[in-house]
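> The structure under discussion is supplied below as structure tokens; questions concerning it will follow.
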Amino acid sequence: MKKTIAISTVVLGVAAAAVILSSQTSVFDDLLGQSDHKAQVSENSSNPAAPEKSDSTNTANSTAGKGNDTAAQTDTKEVTAASATMSSSQAAFQNYLHENSPALTVMKNAEGKDIVTNENSNLVLVNKKRELDSTYIPKDLVVAKVTFSFSGTSPKQQLRAIAAEALEKLFAGAKKDGIELAAVSGYRSYVSQKSIFDNYARENGEEEANTFSAHPGQSEHQTGLAMDVSSASVHYDLDESFGESKEGKWLAEHAADYGFIIRYQKGKENLTGYTYEPWHIRYVGVAVAQQIKKDNETLEQFLAKY
Ligand SMILES: [Zn+2]
């Protein structure tokens, strides 16, 4: 990963200033590396617009080298340097996270419900406070080519294309390690979720049902990015025993490497609104999944930071 050193204000000679403003990142890095000035990591280096700005002011020649250090120390003209050397890919990633921040991706509908506005994003956050519109159906659903716990065909074999491909790789990776996973339930339409929830509510009462099943619109399965996974060793059950099985342990360890998170973690019930579900994995992309796993966060906690 590129180094993200930034200097907010640097005292530089006129010649050196021209180099800085014009510089390719590598030249800037060289200059910093050869300078006696201590590089300061700046809080405002997270401004993603900065690198583009400095790139666009590429007017002077960039052949001037370390000799300018002397000028920098003798000439006291103050220059507020472009405050960033964050690579453009990092900036784009930060921007992507910001665009998906919970505060920016919700809108009240006519009934006063909070409906998510980034329903097609891999980072869409759906929970008991943020719903998918009842009409939302992903446009790129495909059948995941993995082992299922049941035979025949069903809509629940589907995921969005990117998640299906990632799941296929995950299952292949598991197999390589001698682990046999089985997919149990993926995409679920609003209508189908409504029927499931209504059944549970009839049997258990709505409040109880709400702790383990989702109201229609509040299920991640409607995003096409979530799959319930189990194994023959626990009779394909979706319960905590899967988390204790060798397959469940493998999944918890490796899911992030394929872009999935265990969405409902033990001890995070107050943040996710759901009890521990070692079987429910959610696609978010590899970079985000690995970060969430490393920091032991929920998707709610992760996205709220941006
Ligand atoms: Zn699930």
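Cβ coordinates come from backbone N, Cα and C, glycine included.
These came from TrEMBL, pasted as-is:
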- 56-74: compositional bias 'Polar residues' (COMPBIAS)
- 157-285: domain 'D-alanyl-D-alanine carboxypeptidase-like core' (DOMAIN)
- 38-77: region 'Disordered' (REGION)
- 1-28: signal peptide (SIGNAL)
> In the domain 'D-alanyl-D-alanine carboxypeptidase-like core' (157-285), how many residues does DSSP assign to helix, to strand and to coil?
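DSSP composition of the domain 'D-alanyl-D-alanine carboxypeptidase-like core' (157-285): 68 helix, 24 strand, 37 coil.
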> Just to confirm my parser: what is the rounded mean pLDDT across the domain 'D-alanyl-D-alanine carboxypeptidase-like core' (157-285)?
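That stretch averages a pLDDT of 96.
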